[in-house]
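Working notes, structure below.
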Amino acid sequence: MLRGSTSVCRSLELVTQAARYASAATAAAPTGKRIKTFEIYRFNPEEPGAKPKLQKFDVDLDKCGTMVLDALIKIKNEVDPTLTFRRSCREGICGSCAMNIAGENTLACICNIDQNTSKTTKIYPLPHMFVIKDLVPDMNLFYAQYASIQPWLQKKTKINLGEKQQYQSIKEQEKLDGLYECILCACCSASCPSYWWNADKYLGPAVLMQAYRWIIDSRDDSAAERLARMQDGFSAFKCHTIMNCTKTCPKHLNPARAIGEIKMLLTKMKTKPAPLPTPANF
């Protein structure tokens, strides 16, 4: 009985899916007064020999939200359900919908649609990354590099978890401002020419900023070891201060400054300050 029910449910699912595709295929072109054209990068690895292309979609701005992600969702729901992209929070927090819109790396969920209907908006996946499908880049290398910096607090003194807090003064905590807010969207790294050509060795702006976040943390005891892993000509020093990373960051952070601080620590121009003593009444 259960097997038969499963088979029926699967059949209904296939029928529903087929109806959805048929409806999308016959969707009428929008006829409103404010029709915006989007050219979207398309690539399907399941089509042998198929080459990437730009496909045009028209959207009625009077029946769509104000953000580019709203337009993408509308296109997927009403025109072409095969259009593939990442998205989650829809409010600039998760970093999932990072892509190249009108020539700039940004988040689709916080990028306003250009209201000039005479101009076509072109949308590509993040540049210089392998493309899985359409607007979905392969982030495996990026996340592997992030894991390589060991992005967690490391203590050399024995502590009993839950026994007490790790003290950090207000001034010490302020050094982390503008660092921990990074959402790992990779907009900055994908905008960096040095990362384009040396991604296998150069860690890139996003990962280096996260590395500095742990290096400078007064509670962390492994700054020397963290810096030692970057004592080569590529990990950090391939940054040529082009500043694309800072310009494109959707969170308005400054990866270039963090990389500069790492370089000064590596060359002994600076040293990490000793942590302030824990107050007696803490």
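Note: Cβ is positioned from N, Cα and C throughout, glycine not excepted.
The transit peptide feature in Swiss-Prot is assigned to 1-21; the stated evidence is experimental evidence.
What Swiss-Prot lists as domain '2Fe-2S ferredoxin-type' is 39-129. Predicted-model confidence for the domain '2Fe-2S ferredoxin-type' (39-129) is 97, expressed as mean pLDDT.
Classification of Cys109 ([2Fe-2S] cluster binding site) by DSSP places it within a helix. Of all Cβ atoms in the shown protein chains, 25 besides its own fall within 10 Å of the Cβ of Cys109 ([2Fe-2S] cluster binding site). Among the features that Swiss-Prot reports, [2Fe-2S] cluster binding site is placed at Cys89, Cys94, Cys97, Cys109, with the record citing experimental evidence.
The domain '4Fe-4S ferredoxin-type' annotation in Swiss-Prot covers 172-202. Helix, strand and coil residue tallies for the domain '4Fe-4S ferredoxin-type' (172-202), in that order: 12 helix, 0 strand, 19 coil [DSSP].
Annotation comment: Swiss-Prot describes Cys182, Cys185, Cys188, Cys249 as [4Fe-4S] cluster binding site, evidence class experimental evidence. Other Cβ atoms within 10 Å of the Cβ of Cys182 ([4Fe-4S] cluster binding site) number 20 in total over all chains.
Taking Cβ-Cβ distances under 8 Å and a sequence separation of 6 or more, the neighbours of Cys239 ([3Fe-4S] cluster binding site) in its chain are Cys192, Ser194, Tyr202, Pro205, Leu208, Ala256, Ile259, Lys263. Under the heading [3Fe-4S] cluster binding site, Swiss-Prot lists Cys192, Cys239, Cys245.
In sequence order, no residues are near Trp197 (rhodoquinol binding site), counting only same-chain partners six or more apart with C-beta under 8 A. Under the heading rhodoquinol binding site, Swiss-Prot lists Trp197.
According to Swiss-Prot, the ubiquinone binding site annotation covers Trp197, on the basis of a large-scale study or a structure entry.
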Cβ-centroid neighbourhood (8 Å) of the [3Fe-4S] cluster site, Cys192, Cys239, Cys245 excluded: Cys188, Ser189, Ser191, Ser194, Tyr195, Gly204, Pro205, Leu208, His240, Thr241, Ile242, Met243, Asn244, Pro255, Ala256, Ile259
Of Cys89, Cys97, Cys182, Cys188, i.e. the binding-site residues, those within 10 Å of Cys245 ([3Fe-4S] cluster binding site) when Cα atoms are compared: Cys188
Long-range Cβ environment of Cys89 ([2Fe-2S] cluster binding site), under 8 Å and at least 6 residues apart: Ser96, Cys109
8 Å Cβ shell about Cys89, Cys94, Cys97, Cys109 centroid, [2Fe-2S] cluster site members excluded: Leu69, Arg87, Ser88, Arg90, Glu91, Gly92, Ile93, Gly95, Ser96, Leu107, Ala108
